[in-house]
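S.K.: After the structure tokens below, expect a handful of questions from me.
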Amino acid sequence: MAVPPSTHPRRLLPLFLGLFQGALLLFFALFVTYDEPSAEDTNLVANQVYSTFPFFQDIQVMLVVGLGLLLTFLPRYGFSALTHNFLLLNFSMQWALVLQGLLQHLHHGQIHLDLHKLLISEFAAVTVLISVGAILGRASPCQLLVMATCEIPIYLASEWVIVTCLGVLDVGGTITIHVFSCYFGLGVSKALFRATQQPLHPKETPTPSSDLMSLVGTLILWVFWPSFVAVLCQPGDAQHRAILNTLLAMSASAITTVVASSLLERDGKLSLGHLQNGSLAGGVAIGAVADMAMPPVAALALGSLSAVLCVLGFRFLTPLLGRKLTLLDQCGIHNLHGLPGILGAAASVLAVLVASKDTSGSQPSQLSPAGGNASSVLEGQGGSGGQALCQAAGLAVAAAALRLPCLARPPERLCFDDSLYFKIQDQAESPGPDSSAEEGALALKEQV
């Protein structure tokens, strides 16, 4: 008996993941080992673990719990949002670990694994988690995995051009993570849904309970965000300054979001969508300048401006892009990551210009935990050109791969629906016995 076409992507998922994990087991057996520090370095390694691992755990909570819950605003897609976010994090982290090891850390045929390399791989995985927000609910898990497979190497190339070659200072990933992942995700969305504007789906409207879960995710992200920004700073003054600046920026963005949302709504009530995203905008914008020596009022101002941009983006820009460019941005990643990211990049240029006029001689060391200086940042602003080239190449590959027939999108009737991927105990909410044939027909129709 023929298998309905709609089941192919679901059966392809365990096959894809099984082959990937099997190949990774072989790769680790042949090439990966742990660092073996000498007796003199033992205390140094212990201090690094004690100072880094608490930050690492905070970031794990952010990505697994906070970001996962933030995506549960779709009422019938909560299981899928949490599970796919968790799956993509693990898949992307392992894939980034392999690529980074081969490209940067292969010595005498071996890759020496440590906590810092694992942390850098997790930062690469963040780009995928952000990008998929543009197509959340309308793409199959296989499409998301293919997207991650394409995006990780493009991100690594982009980061190498911007940070290593051009010396751009971006300790919190404002440019390299947030801006990159936003426009990569929007590019994939445009390539995948380029034909027509997607109408509002009946299952797309949040409910009070789904919005409440998403708001809890926002609060978790808000609490742990300073660890994400400060973890790669030099311990001591730079890290302390990054934590303080991030807290100030996010506090200002939370308050400003309430003000802006109330003023924009006719009845003066708050929009939960604004609150869920605008409260985090300050953390996105501050990343590029978090460890720089600047007055506290600058962090407050940056947080407030980023929140205003985010709220205005949701209120005016997202509908405009949908009408004029038929651009689907399901989670509003352009408003939370793109616009505040651009603001943070502009703020870093201004901060470096101001710092370069300081004749005290101490400013460059305060600016860059990686050893960069003001002149490298000014020259490095041209990194956007290298990033654009990397993204263009990556988008071409991702767009071609995502449109393969075997990676069919979910049928329109079952978009934003957990029942396509999970066994739901409530049978009243599940598709009927004849749904497989209907799903197959719809999937074939949408592929034409």
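Glycine residues also receive a Cβ, built from the backbone N, Cα and C atoms like all the rest.
No curator has checked TrEMBL annotations; they are predicted automatically.
In case it helps, TrEMBL gives these features for our protein:
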{"type": "DOMAIN", "residues": "26-399", "note": "domain 'Ammonium transporter AmtB-like'"}
{"type": "REGION", "residues": "360-379", "note": "region 'Disordered'"}
{"type": "REGION", "residues": "427-448", "note": "region 'Disordered'"}
{"type": "TRANSMEM", "residues": "12-34", "note": "transmembrane segment"}
{"type": "TRANSMEM", "residues": "54-74", "note": "transmembrane segment"}
{"type": "TRANSMEM", "residues": "86-106", "note": "transmembrane segment"}
{"type": "TRANSMEM", "residues": "118-139", "note": "transmembrane segment"}
{"type": "TRANSMEM", "residues": "160-186", "note": "transmembrane segment"}
{"type": "TRANSMEM", "residues": "212-232", "note": "transmembrane segment"}
{"type": "TRANSMEM", "residues": "244-264", "note": "transmembrane segment"}
{"type": "TRANSMEM", "residues": "297-317", "note": "transmembrane segment"}
{"type": "TRANSMEM", "residues": "337-355", "note": "transmembrane segment"}
S.K.: Can you name the far-off residues of the same chain, 6+ from the ends of the transmembrane segment (337-355), with a Cβ under 8 Å from a Cβ of it?
M.R.: 130, 169-170, 174-175, 178-179, 181-183, 186, 281-282, 284-289, 292-294, 298, 302, 305-306, 309-310, 313, 317, 363-364, 367, 374, 377-378, 381
S.K.: Under 8 Å, at least three CB pairs between the transmembrane segment (212-232) and the transmembrane segment (86-106) (pairs 6 or more apart)?
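M.R.: Result for the transmembrane segment (212-232) with the transmembrane segment (86-106) is no.
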S.K.: Between the transmembrane segment (54-74) and the transmembrane segment (118-139), are there at least three Cβ pairs closer than 8 Å, leaving out pairs fewer than 6 positions apart?
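M.R.: In contact, yes.
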